[in-house]
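Taken verbatim from TrEMBL:
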type     : residues : note
TRANSMEM : 372-391  : transmembrane segment
TRANSMEM : 427-448  : transmembrane segment
TRANSMEM : 460-483  : transmembrane segment
TRANSMEM : 504-525  : transmembrane segment
TRANSMEM : 545-571  : transmembrane segment
TRANSMEM : 583-603  : transmembrane segment
TRANSMEM : 609-629  : transmembrane segment
REGION   : 637-658  : region 'Disordered'
Amino acid sequence: MKLASLLESKRSKKLAGFLIKRRKPLGILLYLCGLVYLGMLPRDEFNRRSFVDENALMVGLVRREFRDSQSISDYAEELADFGVDQEGLMVWLEASFSRIGLEVYSQNYSAVLPAVAGPQAASVSGRSVYGVLRAGRASSAESLVFSAPSGEAANTHGLAVMLSLAKYFKSKNYWAKDIIFLVTTGGEIGVQAWINSYMGNAVKGINAGPLPGRSGAIQAVINLEIDSPKIEYARIMIEGVNGILPNLDLVHVLTHLSEMEGIPSALHMGWEGVRSHGRYSKPDLSDSAHKLYTVASLMAHQAPGLPLAGHAPFLRHRIDSVTVRGVGSGPTAKPLLNLARALEGSFRSLNNLLERLHHSEFFYYAPSRGRFISIGLFMPPLGLLLAPLMLEGLSQWLLARGFRVAAAECSGSGDSSQQQLLHPPTFPFHSILGMVLPSLMSGVLLLILPRLAAMLLTPLGPGVLAAALAWGCLLSIFLPLFSSSTVPASSWHMTKCFSLILQLLLLVTVAMMNYALSISLVLFLPLPSVLSQPSTINGGRLGRVLGQLFLLLCSPPLSILYLCCLYNTLLASNISPSSDIRAVLVGGVGVAGRGLVLAYNSWYFAEAWLFPVVCVVVWPAWLMGWKLACQTVQEKRREESGRGGGKPDSSASHLHSD
């Protein structure tokens, strides 16, 4: 508090002098400590053992009785006959649900895509079919949803498992909640159309018909995707729109029951990661490395906040939902009966709920099936990673107050008599408004440019969309170069302090909504913002050019390209890190183009925040540092009167002595 209030005491002056001189090495040290802290969290010593917090679930206590594997095979054979005939498949599903004894309904929808990737059509139309199994022991006040997509992915065996379980569930009378068996086409858009109609919300860009039949409040959703008659492990996908996660109890129910049926489960981890946990084979990497890889994969899928699976639209409505993907068909693969029995146990556990899931965590990361990291454990590293911004902002505040470190102290003589708190801070409104307002307007321009381009070219392709954004970025970058101005030395410190504190608040706010996105931004934004500063008139031109070049290499478009290359190399493809740089860049550009289209469409349909956050938050935050680096500061000497003995203030020439 003494340092913040600038008390005229010797101790405050020493603290201020130490902070100004050592802020950069201290900030780097704290930043590295944050990275190490973050990397240590997947270790068992730094996280907690998994447990089910909702006692009413009674996981594993109910006997699983489903054994009709022949029914799964028969349904799979009938489904395979339809091939790409989706209309015929939907009609057959309606008839199958009706034969089982469910209440059968359907919904038609259509949508116009604002942006398309490759040969994809600009308009999408489809049909959703759903059957309702009414509860025999309660009114239709609550319901569970068992969904499975059809059309884009080969989900024949997933639909077969759904139909077999629907037939089995109909023969039992212990259900206290309605069960809705939902089949959609068109990917996440079909699910979005159905759930928004169910909740009574209109969807921008989607023309969905009314739902002729309804049930009660949806308590939980399990989305099933299987592309093989046998599976090696179950991949549990949990991330939703804007990084929303389901209640951890739902994840524990699925992983625990899968393990009981002999099917390993994984959270965004390849089969090699699963085999490192126990009896399957000798792992190539250590257990800690696989846990770190799992957490990194979870963050990589959560940070964009895009609907990457069929369960994601439900999470926007605070409905706990997950996607179960059966993966693999190797020598250790298990029949689908095992997974069907695990799903039976999951629905019977959810049937026991007396209230919505709320006891367990909603903000967490799971390094393995039996461990999780709660929000109280992974938030402190973010504070350490943001320390350079806070230290630099406080130092610029002190410099704006007129605090200077004399040359004698900088040389190590220890004479601090020339440390002064010369004047109260002046708030340079014109300089700050001249930096903040154009930066924010540039972000708004990036946000509306695709819509302006869509007036000329509909639909937008990846190339046109990227070109529109590139023109907006280049215009924002080159204007400060040609309009560089000279600013007084007394005002740029306060201007930089304001931009750093604003960026700090933005990153903390993003972390409250999507921690993984905030961590991704912290890896790239703070460093250029901390190092950016105006050049002096007498300074070298080479140093100024190198500084601006460094800022350009850390710009948001290039940073996104780096992340896409890393994602494509480590998580999404078989490109090895040892591949040539050209293959890595080509793969990264492809991922960036597809991601740009998905981000724009998701913002349009599902209100995903990624595209507007990058345009209106990330880009202006970087652009403020860029505008500061394009300015020139005029150094002046001032005569100091009073106890200074009439000597010129030597500290004025040491604005950058720190």
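Cβ from N, Cα, C; glycine included.
Note that the structure is predicted; figures quoted are calculated from it, not measured.
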Highest-contact recorded stretch vs the transmembrane segment (583-603), from 372-391, 460-483, 504-525, 545-571, 609-629, CB pairs under 8 Å: 545-571
Closest-packing stretch to the transmembrane segment (427-448), where packing means Cβ pairs under 8 Å, from 372-391, 460-483, 609-629: 609-629
Stretch with greatest number of CB pairs under 8 Å, the transmembrane segment (545-571) reference, 372-391, 460-483, 504-525, 609-629 candidates: 609-629
Stretch among 372-391, 460-483, 609-629 sharing the most Cβ pairs under 8 Å with the transmembrane segment (504-525): 372-391
